[in-house]
Protein chains: 2
Amino acid sequence: MSSVKRTSEPQLLSSGNAHDLIDSVEAFLFDCDGVIWKANKLIDGVAETLEMLRSKGKKLVFVTNNSSKSRRQYVKKFQSLGISVSEDEILSSSFAAAMFLKVNNFSPEKKVYVIGEEGIIEELQLAGFTGLGGPEDAKKTADVYLDCPIEQDKSVGAVVVGLDRCINYYKLQYATLCIRENPGCLFIATNRDAVGHFTESQATPGAGCMVAAVCGSCEREPIVVGKPSTFMMNCLLKKFEFGCSKMCMVGDRLDTDILFGNSTGCKTLLVFSGVTTQSSLQDPSNDIQPDYYTAKVSDLLGLLGP
Amino acid sequence: MSSVKRTSEPQLLSSGNAHDLIDSVEAFLFDCDGVIWKANKLIDGVAETLEMLRSKGKKLVFVTNNSSKSRRQYVKKFQSLGISVSEDEILSSSFAAAMFLKVNNFSPEKKVYVIGEEGIIEELQLAGFTGLGGPEDAKKTADVYLDCPIEQDKSVGAVVVGLDRCINYYKLQYATLCIRENPGCLFIATNRDAVGHFTESQATPGAGCMVAAVCGSCEREPIVVGKPSTFMMNCLLKKFEFGCSKMCMVGDRLDTDILFGNSTGCKTLLVFSGVTTQSSLQDPSNDIQPDYYTAKVSDLLGLLGP
């Protein structure tokens, strides 16, 4: 994917350009971790900002690479933080993985082996697919010491790999057997984020860790459905009657959110409430530039008025 | 590393060239899995062939990427198969990892975090280093759901990653924290084999799987001490008074054994008793060519006489 270089320098969000931005955009796409919340805490002013955007008739979509939850579970998380959203407004990489199978006419007769958490299993089920593995295999062990082979289900036609905090050798072996030995088996990654901030305390290995492990044993690269892959944009383009130029991707990560926005032709707004700092944006080694940057989402509120 | 292309075609081992080979070589370096044994079964004729080579005054070294055992444990495995070898004749990637730290003057005051099995922990200890993790952390869980951070030991100055059939999220997180947050922390891989044949029944994920996982979460590449890296040859050159041209690497894998032999300037002999078949050797996509090839090690015996 080309990263569609911006010709102009990124602009600090100001009262002037914030009005231009809001006037030219019909949908705001928000990353969640580091933009809407940090771990389980809402970032200051987010609720009011979303309300203001809704009052101006803007569409909102929450586009997250975190596959641990389904859309239903994300709606509950938003509710627990006092924000009302509908499932329709959530585009998670767990859902995207199921949609990828759907739009590619994956046969519901075939099964899907999952290295990942509940979100993927639930979205597969809602899309009419049978997911194996995931939380169910959390306590399993591969008795390779005892020379007990694992018999992988020959009807597994796809392996989906996402964040899995119960990763183990059994799951890795099962996935490896499916990908290496079931003819035509797809290898789908929800995303490849190296680390995530799933709790307040520290960064922990992200889906990129589990995906790389499977790449390592299968000597194959996956199809990635999460950001910065443009697959999720295909889902959005089907949903809206307007094109990418009427959307603005708001995110805290250059290599996922901003790259995704730039490569699909969205406007892009980088916030510093997550993993990226102003100095890493301005570092000469960084070649991913947003259209706009600001400290946090609620700056929009201050600059535009309620 | 350059793969040192052979100018001539690989030769089928014959009575004529086997005599040339044996006359020109002072040490035979044998890979183990797929060459000496398959899982826990000795390959036919190996014992007699090794005896014949010893009777001709040849040095023998067993050079294995499998880090699960220490040299002491390998000697026991050889014994259990009826072959007598000394620890001095074993060069395992577990030992190589410890030697890498030794020759690079790694401070014994610092600690080493291990994703791997007993072999690495034991070799570290024998070399005077303190290994953490490994089997000890097999049952640990990272309570990231409960927002309990892991406190990594700040005195960890190196992470060694090898085959670990008790891999879990706790170990991945611990290693990730050490590599990302302890200044100057080394990241050492015993080897990067995608899969291994550790039992008779099926191929299972190799160290390449665990190493890739840590690369994925750390966004860093490791120092590899096993084949095809040339580090293990440095150990051999210290041991012998002759050079690489007087050695012959015998192995079943093109991308580790034969590449290692070729890039260090050894003679190379590929055997088909492990993962490589004659058709994969002759596949146009393969660009790693041995000097000689034959079905199995004991062909040497048949061609040279007892």
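Backbone N, Cα and C atoms are what each Cβ position is placed from, and that goes for glycine too.
Note: TrEMBL annotation is automatic and uncurated.
These figures come from a predicted structure and were not determined experimentally.
Of the residues proposed, B:Asp193, B:Asp252, B:Asp255, the one TrEMBL records at the same Mg(2+) site as B:Asp31, B:Asp33 is B:Asp252. Using a 10 Å Cβ-Cβ cutoff, B:Asp31 (Mg(2+) binding site) registers 25 neighbours. Same-chain residues with CB within 8 A of the center of the B:Asp31, B:Asp33, B:Asp252 CB atoms, the Mg(2+) site residues themselves not counted, are B:Cys32, B:Gly34, B:Val35, B:Ile36, B:Thr64, B:Gly251, B:Arg253, B:Asp257, B:Gly274, B:Val275. Counted over every protein chain shown, other Cβ atoms within 10 Å are most numerous around B:Asp252 among the binding-site residues B:Asp33, B:Asp252.
Spatially close to B:Lys227 (substrate binding site) yet at least six residues away along the chain are B:Asp31, B:Val63, B:Asn65, B:Ser93, B:Asn191, B:Gly251, B:Thr256, B:Asp257, B:Leu259, B:Phe260, judged by Cβ distances under 8 angstroms. Secondary structure at B:Asp252 (Mg(2+) binding site), taken from DSSP and collapsed to helix, strand or coil, is coil.
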